[in-house]
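Swiss-Prot feature annotations, pasted as is:
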{"type": "BINDING", "residues": "180, 181, 182, 183, 184, 185, 186, 187, 188, 189, 190", "note": "ATP binding site"}
{"type": "TRANSIT", "residues": "1-52", "note": "transit peptide"}
């Protein structure tokens, strides 16, 4: 099985490199120095030695030559082939639901859905390092309140990978969190998918992408989606993933506006009334969006009414964004179970988000649609940035013991 291609946004460090300067590439020496003994004018090569005789001076010259460039390049190539990686940095992007239909309730208590999921350019960065421990992973993060124990989906994903493959790698992980929690953006699910991808890289890609996708459904319904190529029609609980041929254009901008309050997914589903959901066939919505692009009518989210019951201020926020729209947004809708409101068509939020004190703690970010190639992980666009008033969540470190 071919190992996956690593992107520019990912850092790989081979083992057993004596020269730190060569840690990110091959050893290369530009000079080919030699050791010279004596002097002379005429020389001939024999077994790596240059021996020259001078009749006039009655002396012999011996010159020992080392082709250091070739020697060390060969050694570096051997190290690159045999060494594993010890550290890896990966981008962990979130997603939005361009439309979300709830089509029924299952006997197991879950709901069936049909949704167009799409990865976007807002995301976290996760740094993985091999740990000498053979019993425990160690997770740290820059945000207070994010669990760093085995309840975190990153740790669950690493435990799942070891269970499925029999590998025994444990890790130090640092999560640089930019995606807000309780936002309906799938940040935790993306982190879990990224951890599975990373564990597979450290193990020499012994599992296929299809296997990673299938395994991931055991710990979260949204996780399998991130093993698509970035745009997929998802059904079942979300774990049935079908890549779509025509992802939405990467140059179509959007703005994300999330109030500080979160929506409880469980509470939103508890208030859902199937008789009040849209009756539009989700395949009709999919065809409309993939063929004709984003429109307000096509961006249906059946979870909006119950989410607005849970958080009435979210309904007011959506209405104000629509009212302030001067043709900038093709559609304004809630992602997932909330509480993020998405405006497609412009990266700029309405002015009231900055001017009104009621929204002073609101998270705001511009974003664009994002995809990936098969056997490559997502890479962060250079232009991605956060634009909230505080820029990032509080920089409070917490580390598991």
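Glycine is no exception: its Cβ is also placed from the backbone N, Cα and C atoms.
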Only counting partners 6 or more residues apart, tell me which same-chain residues put their Cβ under 8 Å from the Cβ of residue 186 (ATP binding site).
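The answer is 94, 95, 117, 222, 225, 226, 336.
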Counting other Cβ atoms within 10 Å of each residue's Cβ, which of the binding-site residues 182, 184, 188 comes out lowest?
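Per-residue Cβ counts within 10 Å for the binding-site residues 182, 184, 188 bottom out at 182.
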Tell me whether residue 180 (ATP binding site) sits in a helix, a strand or coil according to DSSP.
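Looking at the DSSP assignment, residue 180 (ATP binding site) belongs to neither helix nor strand, so coil.
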With DSSP assignments reduced to helix, strand and coil, which class does residue 188 (ATP binding site) get?
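Reduced to three states, the DSSP call for residue 188 (ATP binding site) is helix.
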Relative to the Cβ position of residue 180 (ATP binding site), how many further Cβ atoms are located within 10 Å?
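Result for residue 180 (ATP binding site): 23 other Cβ atoms within 10 Å.
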As a test of the contact definition, list every same-chain residue at least 6 positions from residue 190 (ATP binding site) whose Cβ is closer than 8 Å to its Cβ.
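Looking at Cβ-Cβ distances below 8 Å from residue 190 (ATP binding site), excluding near sequence neighbours, one finds 92, 93, 94, 95, 123, 124, 179, 226.
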Within 8 Å of the Cβ centre of 180, 181, 182, 183, 184, 185, 186, 187, 188, 189, 190, which other residues of the chain have their Cβ, at the recorded ATP site?
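Those within range, site residues removed, are 94, 179, 336.
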